[in-house]
Every structure is written in structure tokens, then in C-alpha cells.
Amino acid sequence: MAGFQNILGAPLTSVTARMPTGLELEPLWARPLGLAGLQTAQAAGLLTAGQPQSSRRGHSSRAGGRPARGRFLEEFRNNQLPGLQIRDAAGHLVEFSQDQHGSRWLQQRLEHATDEERRLAFDEIAPHAFTLMDDVFGNYVIQKLFELGTPEQRATLLQRMQGHIVEMSVQMYGCRVVQKALETLDHSQLSKVTREFDGHVVRLCRDQNGNHVIQKCFEAVNPIPELMVRAFRGHMGTLSANAYGCRVIQRLLEHAAEEQTRPLVDELHSLSSERLLYDQYANYVAQHIVQFGAEPDRRRMAERLRGRVLHGSRNKYCSPFVEKCLQFAPADTRQQLIEEVLAFTDQEFFEMCQDQYGNYVYWRAVENAGREDFSRLTSRLMQHLTELKRMQYAKHLVKKIEELEHSDRGSKGQTAGR
């Protein structure tokens with residue numbers, strides 16, 4: 001979409017430090033450690049004999065119902081099968097897939113296997129693929145088969161998933177398999193996946209697992225199916241105010257075509273500032289538009305602050321938006337906001353500088369001001385430096401202005417010594 005870019009990362013500033021967490025990290029216990037790692041962890045008392053419980057009903061830990069390990073797997077875990085190859089483990093590969101160390105071993109072997117070895121492993125695992133897709137360890141094996149498999153093998157795995165993709169998308173482990181499928185399937189196969197989302201998009205956007213699937217869909221499928229974009233109409237306000245939905249909307253704005261997102265952006269413009277700028281999640285959507293949107297949308301969004309810079313700057317959720325406007329709003333709009341800060345009475349100046357959020361906004365205005373306005377903004381800080389030093393949240397500004405004074409003295413000293 002014209003005017004939007006992909007976000008690859010941002011420095012840890014006063015804005016990003018207050019942003020919600022990103023993708024949920026995989027818990028350490030869900031990562032196969034290898035046999036040596038298991039023994040070390042058990043010796044340290046960090047692991048118990050039981051395995052984590054799967055999210056699929058009826059598929060619990062060994063103590064709660066998972067079948068006892070077979071003799072062959074036990075021998076492997078006890079280092080009694082050195083140099084084990086895939087062909088040697090034939091007949092045991094499904095059980096290995098469901099074991100922490102067996103799964104790690106199989107993934108590594110598949111990476112370096114011959115085509116024949118991969119075919120042997122696939123033929124044994126494929127009939128059990130649906131069960132493994134939501135297994136705490138088995139899901140990694142299925143992901144590896146999607147990654148390394150032939151187009152025909154991927155088509156077989158997709159066939160196992162069809163009719164269950166929405167169900168899998170809300171599962172802790174199944175959602176990872178769906179995302180890997182979206183990364184690896186060809187265009188004709190992807191359409192079979194996205195068709196199953198019809199009528200379920202909004203629900204998936206609000207789900208802690210499903211939202212990642214929809215985000216991945218926007219990244220992997222080009223063009224984004226109209227049925228998915230259309231699902232957002234009439235829901236932009238509620239999804240923007242949702243912890244997961246706000247992330248999905250940002251990905252949608254990055255990857256969808258201009259003609260697809262235009263009605264959705266207009267719907268955001270129709271929301272009140274209270275709903276959009278002062279909400280703990282929706283403000284990130286507003287920030288995204290100011291930073292990456294088309295110029296008319298950036299201007300229209302930033303102009304909401306005119307006459308309300310102080311009020312917005314002192315709000316926990318709106319203040320990051322004010323900072324973004326001072327950085328990325330069109331030049332004329334940005335200048336209007338800086339002039340509003342310059343026109344503060346002494347009372348308003350102190351209210352902003354001693355506020356736990358407002359003090360960051362003031363310095364953001366300093367950083368983005370032209371030469372003359374920069375001088376006026378910093379001079380006012382220097383003029384009231386004694387009072388600011390006594391204010392808890394103004395210490396950030398005091399430090400910045402003292403660094404600036406020190407820098408200026410150093411520059412003058414160098415000039416005088418020439």
C-alpha cells in the first residue's frame with residue numbers, strides 16, 4: 001500500500017518503552033534441549049520427570065495419560081544408540097516426534113537427510129500429522145516437514161489440516177503449524193487456507209494465538225483476499241482497542257493495497273479522539289498512521305492535537321502519540337504543535353515539565369524544532385533550571401539541558417583554541 005512501510009524495529013525511546021509486548025515468546029520448557037541438556041537440567045533440579053501437558057483434550061502428560069515410553073526411545077534417551085539414523089528409528093518416528101529429545105533429534109536429522117530418508121520419515125509421520133500438529137513437541141516436526149518437504153508432501157499435510165484450520169489457529173501449538181504452512185505453501189494452496197477464515201477473521205484477531213495467524217496471513221498472501229479485508233469493516237474501533245487486534249490492524253495497513261485500506265482508515269478517522277488516542281491499545285494504531293500513513297492521513301490524525309497538546313502529553317496513552325506527531329507529522333502541522341508548546345504560560349510549562357509523561361514530550365519538541373524554536377525552548381528550560389531540579393519528573397529535562405550546556409562549552413573552547 002502506498003504510504004505504508006513494514007516496521008523492522010525501533011530504538012528503545014520513551015515511546016517504545018511504553019509499548020505492549022510483541023509476539024509471545026516460546027516457554028523454555030517447550031524447547032527441546034538435547035539429551036545432555038536434559039541431564040544437566042535434571043541434575044540441577046530444573047526439570048521434573050513429567051512432560052508439559054498438551055492443549056489438545058485427552059492428550060496429556062505421561063503421568064496424566066500419555067503412553068509410557070517404548071523401550072527403543074528409552075534406550076535412545078539413555079545414550080545407548082549412538083549414531084542413530086532415521087532409517088534405524090523406522091517404526092518409532094511418531095513416538096520420537098512426541099518426545100522432547102526425540103523431536104529435537106528428528107528435526108536435526110531431517111535437516112541433513114537424503115531425499116529417501118525424508119520420504120521414509122514423511123510416510124511414517126503423515127498419517128498421524130493432525131495429532132502431532134497440536135503436540136507440544138510434535139508441532140516442531142510437522143513445521144520441519146512443511147519447511148523441507150516436496151510440494152506434494154506439503155499438499156498432503158494441508159489435506160490433513162483442511163476443515164480444521166480455524167480450530168488449529170486458536171491452539172497454542174497448532175497456530176504455529178498454520179503459520180509455517182502460510183510461509184511455505186504456494187499461491188493456489190494458500191487460497192485453500194484463507195477460504196477457511198471466512199466468517200472467523202474478527203474472532204481470530206481477538207484471540208491470543210489466532211491473531212498471529214492473521215498477521216502471518218497478511219505478510220505471506222499477496223494480494224490479501226478481499227474476504228479478509230472486508231471482515232474489518234465496522235470493527236475498526238473495537239479491534240483497535242483490543243490488545244491483539246491493534247497489532248493485526250497495523251500489519252493490515254502495512255501489507256494491504258491502498259484501495260483496500262481506504263475505507264478502513266476513513267473508519268478510524270471517524271472515531272473520537274477519546275477512543276483512538278487515549279486508549280491503551282488504539283493509540284498504537286494512531287501512531288502507526290502518523291508514522292507510515294499517506295500525508296493527508298498523517299496530517300488529519302495529528303491535527304486532532306491542536307489546542308490539546310498539554311492535555312494529551314500528560315496522558316499515559318496519548319503522550320506517545322504526541323511524540324510521534326512531533327517526529328513524523330507533516331512539517332506544517334508539526335510546526336503548529338511546537339508553536340503551541342512555545343505559547344505555554346509558566347503554569348502550563350511547569351505542568352508539562354514536571355509530568356511523568358509530559359517531560360518526554362517537551363524534549364521531543366526540542367529535538368524536532370527548527371533552529372530558532374530550539375533556542376526558545378531550551379532557553380526556557382535554562383531560565384527555570386533551579387525550579388526544575390526540585391521536580392521529580394523534570395530530572396530527565398535537567399540532565400538533557402546540562403548535557404547540552406556542557407556540549408556548548410566544549411564547542412566554544414575548541415573554537416577559541418584555534
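Heads up, the Cβ atoms here are built off N, Cα and C, so glycines get one too.
Unlike curated records, TrEMBL annotations are generated automatically.
According to TrEMBL, the features are:
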type     : residues : note
COMPBIAS : 46-66    : compositional bias 'Low complexity'
REGION   : 46-68    : region 'Disordered'
DOMAIN   : 68-405   : domain 'PUM-HD'
REPEAT   : 85-123   : repeat 'Pumilio'
REPEAT   : 124-159  : repeat 'Pumilio'
REPEAT   : 160-195  : repeat 'Pumilio'
REPEAT   : 196-219  : repeat 'Pumilio'
REPEAT   : 231-266  : repeat 'Pumilio'
REPEAT   : 267-303  : repeat 'Pumilio'
REPEAT   : 340-379  : repeat 'Pumilio'
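Taking residue pairs at least 6 apart in sequence, the repeat 'Pumilio' (340-379) and the repeat 'Pumilio' (231-266) share fewer than three C-beta contacts under 8 angstroms.
Same-chain neighbours of the repeat 'Pumilio' (340-379): 14-15, 306-307, 309-310, 313-316, 319, 322-323, 326-327, 334, 387-388, 391-394, 396-397, 400-401, 404, counting only residues six or more beyond its ends whose CB sits under 8 Å from a CB of the stretch. Residues in the repeat 'Pumilio' (196-219) partition by DSSP class (helix H, G, I; strand E, B; coil) as 15 helix, 0 strand, 9 coil.
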